[in-house]
Amino acid sequence: NFLSVFFLARSRTVGELLAPTSPFDKKCGRENWTVAFAPDGSYFAWSQGHRIVKLVPWSQCLNNFLLHGTKNVANSISPRLPRQNSDSGQKNKPCEHIIDCGDIVWSLAFGSSVPEKQSRCVNIEWHRFKFGQDQLLLATGLNNGRIKIWDVYTGKLLLNLMDHTEVVRDLTFAPDGSLILVSASRDKTLRVWDLKDDGNMMKVLRGHQNWVYGCAFSPDSSILCSVGASKAVFLWDMDKYSMIRKLEGHHNDVVACEFSPDGALLATASYDTRVYVWDPHLGVILMEFGHLFPPPTPIFAGGANDRWVRSVSFSHDGLHIASLADDKMVRFWRIDEEYPVQVAPLNNGLCCTFSTDGSVLAAGQDGSVYFWATPRQVSSLQHLCRMAIRRVMPTSQVKNLPIPSKVVEFLCYQI
């Protein structure tokens, strides 16, 4: 098993988007802290470093990779288009945009609206914005604590949210289309915003004693996970805005988190060189993916700083997790195997995320983005059934079902 780690399958490179450089370009400030795919797969966005965010139509990106091989300089994907007003043809033909956010960009998130989901606010008639069914927004979290909201189709600034007093380190939209946005900041708070109510700040979630690094919604939008400069993982009830529980088990700062597509699992990445997969409903660790072999002994359980895990992402198939660590490797794991199934080299990687369809992993580094094909596997009928059941049923309800214990264990991801 140990030897197999060194003979792993290499992931196939799909393409690169390289940030333009000039001879006098300062390396400092070129960090790419965040990459994101639109929920409908139409756009890809990343922070090129300094103050710039690039928005590109994803299908156009893939076509360029196929036509011209893997390498692409970011500014040559398509000619830079003039900023246009919203018109009938604008939303049908996705356009590339370069957005100057006015300060260093630390976080990005796409949000899309669906008409059935009403705002939680009452005074509907006062709204400046009438969000339609095909509305697509991009939220950018900045170094100065501001959050800027952009119209993806036009590249225009819509809102400027100004309540945080420190870096906005992460952003996440509720997946239900309600345009509820949560921001995580170094000011030790999480803030909940209603963009359908002109960006009204609805709630401040307090509990972290130090910087908050990341936050993620469960697929049904009922639970929020947040992580930061502490060993605890926080779970919040987003109907009552109250803390459900803290998950204890990591030995160093927890820096990233993401729920599985069915909401039954939660993956967290830590500087302790581990990724844990939890049952968030019970608060127990189901799996551990170690990035240091042999694993750190209890006295050094905080891990080696050249193996810190920076980012973790769950694939849409519910079977694969990607992690990115300081040992210059991207790893693809299966949730039921101890060792990675594929690896890829990446220096100074900071963030990674799966494409909307799960076929590609994007990872950011020094203003550029690298893309790999993800492990392909046909999900078993059992797993598909498990995901369908777990989308609507928490662990406690599954355990009460009148079915054989082995089936319960399978549905609870214990086998």
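Yeah, the Cβs are placed from backbone N, Cα and C, and that goes for glycine too.
All TrEMBL annotations are machine predictions without curation.
Over in TrEMBL, the protein carries these features:
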type	residues	note
DOMAIN	371-415	domain 'SOCS box'
REPEAT	131-160	repeat 'WD'
REPEAT	161-203	repeat 'WD'
REPEAT	205-246	repeat 'WD'
REPEAT	247-279	repeat 'WD'
REPEAT	309-343	repeat 'WD'
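Per DSSP, the repeat 'WD' (131-160) is made up of 0 helix, 16 strand, 14 coil.
Across the repeat 'WD' (247-279), the model assigns an average pLDDT of 95. Helix, strand and coil counts under DSSP for the repeat 'WD' (205-246) come to 0 helix, 24 strand, 18 coil.
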